[in-house]
Amino acid sequence: MAEEAAQEHPGPSAPRPVRCIVKLGGAAITNKGELESINEESLRSACAQLRQAMSESEGDGAPEKVLGMDWSKRHGDPADPAVDAEWIAGMAGLGLDTNFIVVHGAGSFGHFQASRSGVHKGGLHSTLVKAGFVATRISVTSLNQEIVRALAREGIPSVGMSPFTCGWSTSQRKIASANASQIIQSLHAGFVPVLHGDAVLDELLDCTILSGDVIIRHLAQLLSPKYVVFLTDVHGVYDRPPTDPNAVLLKEIARLGIDVYITKAGTEHSLRALKGDVSSDSEDWLGTVIRSSK
């Protein structure tokens with residue numbers, strides 16, 4: 001079904017293989033015990049490491065000036081953002097390999113709204129489910145915006161993309177339509193697409209929740225990245241939220257011929273994983289490696 005959906009919406013062929021798909025686990029970037037609370041330190045660290053992994057030069061160890069791209073005023077800031085337009089105009093380029101895709105989990109965002117309304121079970125004829133669908137999307141898209149802003153502050157040209165607004169849908173919780181043309185076009189233009197788990201329409205159930213891990217599996221199959229990195233404090237990779245009793249580990253990614261690295265965010269091990277620097281004899285690397293089966 002996923003292959004058929006991809007064929008229905010052909011996009012431009014990628015000029016080079018996608019280097020990496022990164023999953024920012026919801027438990028790693030939010031405070032799961034607090035409703036809609038971001039773990040600012042963990043998110044900032046993950047974004048800084050992602051920039052390091054993208055950097056095309058090793059540098060001389062001196063701090064580099066980062067082109068911050070979040071030019072909006074943040075709550076509590078006393079002054080308007082400072083933008084050095086002359087310096088930016090004189091830049092030869094970003095010096096980054098931006099051929100990455102980021103997908104993030106919801107953590108303390110979206111789960112409350114979805115569970116209270118039963119969105120994952122479907123049934124849009126119910127006023128509660130319909131209201132919960134709206135509330136869930138408000139929550140998860142607000143987190144997406146904050147993650148895009150955090151990446152932008154590190155000079156990463158990121159753009160938020162919601163599966164629902166990109167036309168993704170399911171049939172009995174399995175992907176039925178997944179138009180990736182906007183993702184591919186954004187990669188061509190030098191942007192880093194940032195997707196998230198989302199509430200989507202379902203052909204049989206009316207609606208359901210499409211998890212970030214299922215999105216990653218589909219994109220890995222479609223775009224064949226060199227490797228996939230999961231930054232999370234949850235053990236393993238699931239096709240549903242780990243709290244779901246029916247959650248199962250995904251192994252399909254490795255079967256596609258793609259190495260998968262699972263490690264704790266904000267550590268030296270996560271930086272090595274983002275760079276793809278985990279060899280078969282890396283005994284000093286802490287994490288889980290699922291090697292390509294090809």
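Quick reminder: no glycine exception, Cβ is built from N, Cα and C everywhere.
Curation does not apply to TrEMBL; its annotations are automatic.
The model shown is predicted, which means the values in this text are computed figures rather than measured ones.
The following features are taken from TrEMBL:
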| type | residues | note |
| --- | --- | --- |
| DOMAIN | 97-254 | domain 'Aspartate/glutamate/uridylate kinase' |
| BINDING | ALA106, HIS111, GLY212 | substrate binding site |
| BINDING | GLY107, ASP233 | ATP binding site |
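A map of TrEMBL features onto the structure.
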residue	record	DSSP class
ALA106	substrate binding site	coil
HIS111	substrate binding site	helix
GLY212	substrate binding site	helix
ASP233	ATP binding site	coil
Cβ-Cβ neighbours of ALA106 (substrate binding site) (radius 10 Å): 29
Neighbour count (Cβ, 10 Å) for ASP233 (ATP binding site): 14
GLY212 (substrate binding site): tally of other CB atoms within 10 A of its CB: 25
ASP233 (ATP binding site): nearby binding-site residues from ALA106, HIS111, GLY212, Cα cut-off 10 Å: none
For substrate: widest Cα to Cα gap among ALA106, HIS111, GLY212 in Å: 13
Pairwise Cα distance for GLY212 (substrate binding site)/GLY107 (ATP binding site) [Å, integer]: 11
